[in-house]
Amino acid sequence: MEKENSSSVTEFILLGLSENPEQKSPLSALFLTIYLVTVLGNSLILSLIFMTPELQTPMYFFLGNLSFVDSSFVSVTVPLMVAHLLMEKKSISFQGCMTQLFFFIWTAVMECFVLAIMAYDRLVAITNPLRYLSILSRKTCLSLICFAWILSFLHSLLYTSIISSLDFCGLNKINEHFCDIPPLLALSCSDTASFELLVYTEGSIMAMSPFVFIMVSYFQIIKTILSIHSSSGRSRAFSTCSSHLISVGLYFGTIFASYFHPASAGAVETNRPIALVYSILSPLLNPFIYSLRNQQVKGALRKML
Ligand SMILES: *[C@@H]1O[C@H](CO)[C@@H](O)[C@H](O)[C@H]1NC(C)=O
């Protein structure tokens, strides 16, 4: 508002993974493969869920939503990264960068919420099995999912509008393969202290509350499972939760490592590999985690093949 030429930067350069020309082709082949496997695996899970009558339960509706969010999440960053590996010019326009940031934050936060809803689903299934379908009615499931989409949308809108109103005057090299919050803050010449405060308060609440909710739910779940007397009942109850627990560990583990490690300031360089891991690993592995560990999904897959 104060200055006409507030953003003199009209495009950003994404330095990406490697400037070594010999690594470009193998790296781009690797990431293209990872991308295709992720999208195909998640689409397979989605079509299995839609086509199999036994999988028409709340647990699988939420798993379908997780697959959809995972596919969108990788599509925001990986195709552009592969294109940049192959191209001489690694630039992205200011608007393009803000658009990518917006969809990245939206899908990343949505993934946290879906994982939390899935924990609630397991909590109800295990502590209140007889009323499971009446508590998680079609209408409740839809409201939970819609609420999560809207809240993550608003959160991303808030962050993206603040970051796009910052001043960028000159420095435009992003030391990562996509437009993410920490490298953009490092490039801005505005005073970002108050925004950083917001990231560490509202942002932590946004990411921490699903995590805390999941931990509290699992505390209850494990207490209930331990009170089951037959050991086969116990292992059956636990097997429905283990896939979800692995996804939770993978996703939140890499997020916390990426955003909340102590040397965050001035550590843009060391941030690179971990940001890469967290933006591709969990979407890639989720379909395998769920299809290999879940008898019902395996059965449906066998029938489809
Ligand atoms: C997401 O969840 C809702 C609510 O259960 C369900 O109606 C919808 O089909 C799910 N979407 C996908 C893509 O699985």
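Glycine is no exception: its Cβ is also placed from the backbone N, Cα and C atoms.
Nobody curates TrEMBL annotations by hand; they come from automatic prediction.
Since we're looking at a predicted model, the values are computed, not measured.
What TrEMBL records for this protein:
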TRANSMEM  27-50  transmembrane segment
DOMAIN    41-290  domain 'G-protein coupled receptors family 1 profile'
TRANSMEM  62-86  transmembrane segment
TRANSMEM  98-120  transmembrane segment
TRANSMEM  141-162  transmembrane segment
TRANSMEM  205-226  transmembrane segment
TRANSMEM  238-261  transmembrane segment
TRANSMEM  273-292  transmembrane segment
Task: Outside the transmembrane segment (205-226), six or more residues from its ends: residues with CB under 8 Å to it - done: 109, 112-113, 115-116, 119-120, 122-123, 126-127, 155, 234, 237-238, 241, 245, 248, 252, 255, 259
TODO: Could you give the residue numbers and ranges of same-chain residues that sit at least 6 residues beyond the transmembrane segment (62-86) on either side and whose C-beta is under 8 angstroms from one of its C-beta atoms?
DONE: 14, 16-18, 24-25, 27-28, 31-32, 34-35, 38-39, 42-43, 45-46, 49-50, 92, 100, 103-104, 107-108, 110-111, 114-115, 117-118, 121, 141, 145, 177-178, 247, 279-280, 282-284, 286-287, 290
Task: Model confidence over the domain 'G-protein coupled receptors family 1 profile' (41-290) (mean pLDDT, whole number) - done: 87
